[in-house]
Amino acid sequence: MELITKAPKGTVDIVPGKSEKWQLMEDVFRSEAELNGFREVRTPVFEHTELFLRGVGDTTDVVEKQMYTFEDKGGRSITLRPEGTAGAVRAMLENGLYNEGYPVKLYYLTSCYRYEKPQAGRLRELHQFGVEMFGAAEPLADAQIIVLALSAFKRLGLEDVGLQINSIGCPECRKEYHKALKEYFTERKDQLCDTCLSRLERNPMRILDCKSPECQEVAKGAPKITDYLCEDCRDHFAKVQEFLTALGIEFEIDPGLVRGLDYYTRTVFEFPSKSLGFALGGGGRYDGLVEEFGGKPTPGLGFGLGMDRILLALEAQKVEFPQPVKCEAYLVCVGEEAQKKAFRLVDELHRCGVPADFDVCGRGVKAQMKYANKIGAKFTLVLGDDEIRQGKAAMKNMKTGETKTISITEEDFINDYVTVSTEAADFSEDGVFF
Ligand code: HAM
């Protein structure tokens with residue numbers, strides 16, 4: 001029975017009370033992206049597995065351990081997206097979005113799937129706000145997207161967020177670095193986990209990102225990529241810092257920051273939450289990924305912010321969220337004719353943008369009034385046969401108890417309703433307009 005009464009491990013329902021908070025976050029992210037000229041892209045929840053093997057990298061934790069991969073009925077290997085970048089790059093290429101001129105700027109609000117050990121801030125179905133930019137090689141673009149994320153955090157009222165940056169260089173300067181890493185880790189082979197032993201030959205940089213405490217301990221003394229950067233990469237990184245500093249943005253350079261996905265080149269960054277101890281988001285450049293997917297060499301960069309984690313951080317900080325929209329007018333009805341009339345009047349109110357509702361459960365007047373109270377309705381109108389005959393009903397202000405008779409005819413109802421509700425707003429004690 002538990003299988004049908006409990007959501008799968010690592011997933012959560014976003015129910016009323018929570019969903020309004022999500023809507024607020026989504027509104028802020030959407031608006032910040034659009035202010036910066038990014039446009040929404042929606043890609044399928046599943047892709048060909050090959051896309052992630054090639055894009056994210058087959059030596060990453062995400063690909064090696066966390067993907068939801070299955071064979072569909074047509075024998076294809078399919079994977080639920082573990083992240084948004086690979087799909088966005090594919091969609092950009094497949095739909096020829098580059099024809100509209102560079103930079104191509106895309107954003108998404110999306111769910112991702114990773115088979116991880118669930119704990120606070122770590123889910124199997126997670127939600128990301130992400131942006132991806134194509135065709136901009138300049139360090140200014142790196143700074144622009146970092147500032148975009150920070151502005152969104154600020155608008156949400158999030159204070160507990162830092163910025164760590166690093167450069168992991170280009171394939172050229174990484175050759176020497178890989179050599180140095182291989183040497184270092186080979187000497188300490190016996191301290192590495194099995195996964196890292198297999199990474200030693202194929203991709204030693206991934207060892208730096210291993211979650212095993214033993215490997216993390218060894219990684220502490222490993223050579224730093226920043227000592228191996230070529231002149232161009234060093235220059236690029238210096239400029240990113242210059243732009244951030246010019247905008248008064250505080251950041252920390254973390255030479256150990258390599259990120260968990262293989263596509264990154266040059267700038268990488270993360271937004272850590274100090275009190276919660278995990279990253280609220282991260283991103284960087286991936287100048288080789290478009291070419292890897294068969295496109296013309298095109299620089300790319302972006303970030304993904306973990307919305308589930310950001311909400312935890314906002315709640316931990318006790319940020320106030322706006323109240324959900326409440327019912328303004330509740331029409332209490334007695335009898336079938338009254339129900340029909342209420343249906344029409346409520347519809348008219350909706351056309352005018354007034355949140356209104358009426359009984360669809362066939363309850364008695366008392367129960368309907370109780371319900372109106374419970375949902376916080378500001379006004380009630382009782383409709384019965386008499387009211388319909390007379391074309392008038394009593395509109396009750398639920399806060400003051402005052403009632404006013406208004407017309408419920410098609411011609412006058414809205415006018416009368418607006419007059420009474422506006423008067424009530426004018427005279428409300430707290431001065432709040434309804
Ligand atoms: P990522 O660092 O793997 O990057 O994920 C981005 C953010 O998603 C993380 O910083 C974290 O806040 C959140 N996140 C990741 N895994 C989980 C999880 N299991 N539960 C809850 N939250 C999680 C990417 O996904 C890249 N695609 C970002 C990017 C876009 N880079 C360039 N463009």
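Each Cβ is built from the backbone N, Cα and C atoms, and glycine gets one as well.
Predicted automatically and left uncurated, TrEMBL annotations should be read as such.
Per TrEMBL, domain 'Aminoacyl-transfer RNA synthetases class-II family profile' is recorded for 23-322.
Around E83 (L-histidine binding site), a 10 Å sphere centred on its CB holds 22 further CB atoms from the protein chains shown. DSSP assigns E83 (L-histidine binding site) to coil, not to a helix or a strand. Per TrEMBL, L-histidine binding site is recorded for E83, G84, T85, R114, Q128, E132, R259, Y263, Y264.
Candidate binding-site residues: T85, Q128, R259, Y264. Fewest other C-beta atoms within 10 angstroms, R259. Ligand 1 lies under 6 Å from the Cβ of E83, Q128, out of the binding-site residues E83, Q128, Y264. When secondary structure is read from DSSP and collapsed to three states, R259 (L-histidine binding site) falls in the coil class. In the three-state DSSP scheme, Y264 (L-histidine binding site) falls into the coil class.
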